[in-house]
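Undergrad: Copied straight from TrEMBL:
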{"type": "DOMAIN", "residues": "26-477", "note": "domain 'Major facilitator superfamily (MFS) profile'"}
{"type": "TRANSMEM", "residues": "24-44", "note": "transmembrane segment"}
{"type": "TRANSMEM", "residues": "64-81", "note": "transmembrane segment"}
{"type": "TRANSMEM", "residues": "93-111", "note": "transmembrane segment"}
{"type": "TRANSMEM", "residues": "117-138", "note": "transmembrane segment"}
{"type": "TRANSMEM", "residues": "150-171", "note": "transmembrane segment"}
{"type": "TRANSMEM", "residues": "177-198", "note": "transmembrane segment"}
{"type": "TRANSMEM", "residues": "291-310", "note": "transmembrane segment"}
{"type": "TRANSMEM", "residues": "339-357", "note": "transmembrane segment"}
{"type": "TRANSMEM", "residues": "364-382", "note": "transmembrane segment"}
{"type": "TRANSMEM", "residues": "388-411", "note": "transmembrane segment"}
{"type": "TRANSMEM", "residues": "423-446", "note": "transmembrane segment"}
{"type": "TRANSMEM", "residues": "452-472", "note": "transmembrane segment"}
Amino acid sequence: MGDESQTYTVDEALSALGFGNFQILVLAYAGMGWVAEAMEMMLLSFVGPSVQSAWGLSSQEESLISSVVFAGMLVGSYSWGIVSDKHGRRKGFLITATITAGAGFLSAFAPNFISLIILRCLVGIGLGGGPVLSSWFLEFIPASERGTWMVVFSAFWTLGTIFEASLAWFVMPSLGWRWLVALSAFPSSLLLLFYGVTPESPRYFCMKGRRNDALGVLEKISRMNRKKLPLGIFVLDHQIELHAKCMELEDTHLLSPRKSGSKTPNGMASSKEGASSLSMLFSPELVKSTLLLWVVFFGNAFSYYGLVLLTTELNNGHNKCIPGELQSNESQDISYRDIFITSFAEFPGLLLSAATVDRFGRKLSMSVMFFLCCIVLLPLVFHQPKGLTTGLLFGARICITATFTVVYIYAPEIYPTSVRTTGVGVASSVGRIGGMACPLVAVGLVHGCHQTTAIILFEIVIFLSGICVMLFPYETKGLKLSDSLTISN
């Protein structure tokens, strides 16, 4: 069994076991969830203009179809983060997949605008569980390979956007938006089909003090990867690792000086536990990172989804802003080709993030891409030819995909396991506020002949996001994830 004087932690076990067959299966499942979310989000580019034409909606009502999805995600991101921190990652994404698949499919049969709005809001609540899957996958990866494999995980989002654009190109002209909505809900149902084979995170078990359960998962990883666990006894790591320097000080407790060996408070009342997780985000050691992360998530969501919607709006005849102009009945003047082309911009964005995230670090990678995005978007302050507009949006999409990819790597790394999905979930919720606002800018202002104002607003938000990245207190490149947090109270 090994020398009983030796011990090892989850991080040391994962490093010894490496990235193998077990993690590939976890990647496939989490990746399917990411594909499902990407398709539901990309769907907004097609459903809004189509429903507006079919039902004679105003531009404000069209914007609302997108905004309610983000409103639902605002609620879902916060709620599912707390649920998964308290009851497990698996339960978190089971509920979200059920809601997303059910409401998504029923949306295809919505008889009127009000019912469509309600169902799309429910889809948004389900989609809010996306950060749970990303955190779950992250918790199985060795620290040395985290950046690379999280970029690979992000590639599933890109596959989802391209698949949705392809699906719309074939389905919309002949079958209409209802078929597209129904087919887009299919990947979420696959999560339910394969849910039974998914493992719980060993870090979650450690956080709850369930040593034997955590060891059982590690032994399963050992068998599937055909590698041995380290010699010695598996122990729970309750140290708080918030700052890069603290990664080397295993006996230091930053947030609570009491009870150096205390376990996560399983006996706390459920409501108090959720409140404790949320309040811990505002502890002196985390508050700066939390607030800056909120701004960056807001900027990322606002700009990314805004660029997706701008691809439709600036290339469908509205850029010339002829008074009284209406969308045509044939395909609603949506350029499926342009949307398909700009979706491919996410691949170079992923390659860019993969090349920089572990070489130059998270902070430098994000800040440079934000500022570069500002430069690329600047010519769109004025109306440009269609080809140049598509090219500029392609370049901007590369940059913002890179920042989105890196922030989803960075965010889980700055929080310990006990509040990781809560921290990322709340930040994602703030991002959804940006998602709710962007249709008003990308659709409302462009429809109202205010393209210059719309682009300037995007420039300001993106630039401020880049500044906030530079102000993050520390770099997480190559650092181990901390497992738990000692909560006083």
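Cβ atoms are placed via backbone N, Cα and C, with glycine included.
Remember, TrEMBL labels are computer predictions, not curated facts.
Thinking about packing and proximity, how do these listed features fit into the structure?
TA: Taking Cβ pairs closer than 8 Å, the transmembrane segment (117-138) reaches residues 26-27, 30, 33-34, 37, 40-41, 64-65, 68-81, 84, 89-90, 92-93, 95-104, 106-107, 110, 146, 150, 153, 188, 201, 408-409, 411-413, 420-421, 424-425, 427-429, 432, 481 in its own chain, all 6 or more past its ends.
Long-range contacts of the transmembrane segment (150-171) within its own chain (CB-CB distance under 8 A, at least 6 residues past either end) are made by residues 27, 30-32, 34-39, 41-43, 45-46, 134, 137-138, 141, 179-180, 183-184, 187, 336-337, 339-340, 343-344, 346-347, 349-350, 353-354, 357, 401, 404-405, 408-409.
Here the transmembrane segment (423-446) has Cβ contacts under 8 Å with residues 44, 48, 59-60, 62-64, 66-67, 69-71, 73-82, 84, 124, 128, 130-132, 134-135, 278, 281, 286, 290, 293-294, 297-303, 305-307, 309-310, 313-314, 318-319, 411-412, 414-415, 453-454, 457-458, 461 of the same chain, all six or more residues outside its ends.
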Undergrad: Counting only CB pairs under 8 A, let me know which of 24-44, 339-357, 364-382 has the most with the transmembrane segment (291-310).
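TA: Per the Cβ count, the answer is 24-44.
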Undergrad: What average pLDDT is reported by the model for the domain 'Major facilitator superfamily (MFS) profile' (26-477)?
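TA: Residues in the domain 'Major facilitator superfamily (MFS) profile' (26-477) carry a mean pLDDT of 78 in this prediction.
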Undergrad: For the transmembrane segment (452-472), name the stretch out of 24-44, 93-111, 339-357, 364-382 with the most CB-CB pairs under 8 Å.
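TA: Looking only at 24-44, 93-111, 339-357, 364-382, the most contacts with the transmembrane segment (452-472) come from 364-382.
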Undergrad: Most CB pairs under 8 Å with the transmembrane segment (388-411): which of 64-81, 177-198, 339-357, 364-382?
TA: 339-357
